[in-house]
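The structure appears right after this line, and notes come after that.
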Amino acid sequence: MATQHSRSAARIMMAPAVILLLGWMLVPLTMTLYFSFKKYLPLRGGDLGWVGFDNYVRFVSSSAFWPSIQTTLIIVGGVLLITVVLGVLLSMLLDQPMWGQGVVRILVIAPFFVMPTVSALVWKNMFMDPVNGLLAYLWKFFGAQPVEWLSDASIFSIVLIVSWQWLPFATLILLTAIQSLDSEQLEAAEMDGAPPLSRFGHIVLPHLSRAITIVVLIQTIFLLAIFAEIFVTTQGSFGTKTLTYLIFQRVLESQNVGLGSAGGVYAIILANIVAIFLMRIVGKNLDA
Amino acid sequence: MGQITLNQITKSFGEVQVIPPLDLQIEDGEFVVFVGPSGCGKSTLLRLIAGLEDVTTGEILIDGNEATRVPPAKRGLAMVFQSYALYPHMSVRKNIAFPLRMAGIDKETQKAKVEAAAKVLNLTDYLERKPGQLSGGQRQRVAIGRAIVREPAAFLFDEPLSNLDAALRVNMRLEISELHNSLETTMIYVTHDQVEAMTMADKIVVLRAGVIEQVGTPLELYHTPRNTFVAGFIGSPKMNFLTGAFAEEYGTDTIGIRPEHLDVSQSEGKWSGVVSVSEHLGSDTFLHVDVNGLPDPVTVRATGEFGVRHGDTVHLTPDTSKIHRFDKQGLRIA
């Protein structure tokens, strides 16, 4: 009964949640915009007045800016590639009837429950440590020189850690998609003479395309903001400084809030460009 | 060519044997219908022939060649599925061309064959559409088109009409029959609907729990059902079975009489009873009559309009030459 009365009652009841969410979003956003136009150095004189677009120009013209964009794109792209490819393969594997299916599926999701900080620490100290790490033992077992993962293959190491965390998410979404595939379609294709690889390419992959775009969209938005993994492992050295990490360094290490805020505004713009771009792809896919 | 021989076929899922040893011969060009209640193994039998399920023991011969372990694509059979199983992301054209594409046939031939099939099935105007934009009947035709272009040795239909509404089902039934007449290819058709079986088949195979109860032409099954199961399954409305004193009069345990072989009158007859429900169809009137001494009501067909109502008394007289007699095991007594 959507009468005038019940509608206004609904509005009043939703108001606290809406106000809270708006405040949560608007206050930090306004503060970021406010500081981005100021020269604000907390330990070196505090608020030194308005500077116009100075911070924006300085942030972009810094020698660290473009490398950080490149690093961000490499990490996001690498993680997406690994999680989608392995996610498709893993979800097809998990879709097969097998003994202990329920337990195996829960175990597969498990990495997603581990906090980013914890998983980065575990990887850093238990796997990738060149002296005590499991991978170092493995290398030594085969008589090879252990790899110093976090300094020699730093970006790859971080991609590996983040992929490990996000693979369960991709697998889970793709598994539900694959379970909704009508088995008669596969049988029809089999009767039509399609060998297994063609069946995958012509039937399974198109069926998964929508789920894959959703995985890519959601992961991109979260991956643009990864921070803990870098902070815990390389602290931004060895070419692992992403845009997020650069902003962190500007604000906390250089104690330049204004410059960092300008970077934050750039990050908002970048994330929105990606989001709009991906929304259009998803929208097109959802129409079909 | 499409001659299929099943030799002592069995199928078990784990411990459960769904098809006990079974023999069947399907001749080239025949329209064979597998019919039976749900769960009788008719779809499993079709999938065994298609190769989508492996037989447990026994052998399948297609045109005299051993095909038991041949993969489905190599058997030269085409199947139309209950859900149509069209590829949703491909246009109708691509759906129909898919088997040709998989066989590596050149583009020109593909195009010609797809268009020929579309013409036969009245799909020419819909070739660029996606399956999601088609009605149920059109989707059904696309599925048939995809089967036709392969020029298979035999067509397999797995309850293809069960998702269509009643009017469309009658149309598609005719279209499939016409298709069979023009292609003269073997067709194996699975259904639980005995009307489809009676109207389309050259040969009906009645199945119950994986066992073939009877094989024969529609009229053979109608006139000389081998047992009470076949007698009850074929024919609509169902045959009436009478036991006790009614059957003893004819020297057996059970007699069967079809509703159309009972003469009904309001004045006199051999048995009398009270009308419980009368269904007026215009062309016929079906009466459900409670006869004294029988557990189930007797169904009677009266031609044309027959003006009786609930609670009226009527008298029934069977056509003695049309009475079927069955023994204790339910088998027919000649």
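Residue 1 is the first one shown; counting continues down the chain.
Placement of Cβ uses the backbone N, Cα and C atoms for every residue, glycine included.
Where the annotation comes from TrEMBL, it is an automatic prediction and has not been curated.
Residues annotated as transmembrane segment in TrEMBL: A:12-37, A:69-90, A:102-123, A:155-178, A:211-232, A:263-282. Positions annotated as domain 'ABC transmembrane type-1' by TrEMBL: A:69-278.
Using the rule of three or more Cβ pairs under 8 Å, pairs at least 6 apart in sequence, the transmembrane segment (A:211-232) is in contact with the transmembrane segment (A:102-123). Per-stretch counts of Cβ pairs under 8 Å to the transmembrane segment (A:263-282) identify A:12-37 as the leading one among A:12-37, A:69-90, A:102-123, A:155-178. Panel annotation: around the transmembrane segment (A:69-90), residues 108, 155-156, 158-159, 162-163, 166-167, 169-171, 173-174, 205, 208, 212, 215-216, 219-220, 223-224, 226, 239-244 of the same chain, lying at least six beyond its termini, place a Cβ under 8 Å from a Cβ of the stretch.
Taking Cβ pairs closer than 8 Å, the transmembrane segment (A:102-123) reaches residues 90, 94, 157, 160-161, 164-169, 171-172, 175, 226, 228-229, 231-233 in its own chain, all 6 or more past its ends.
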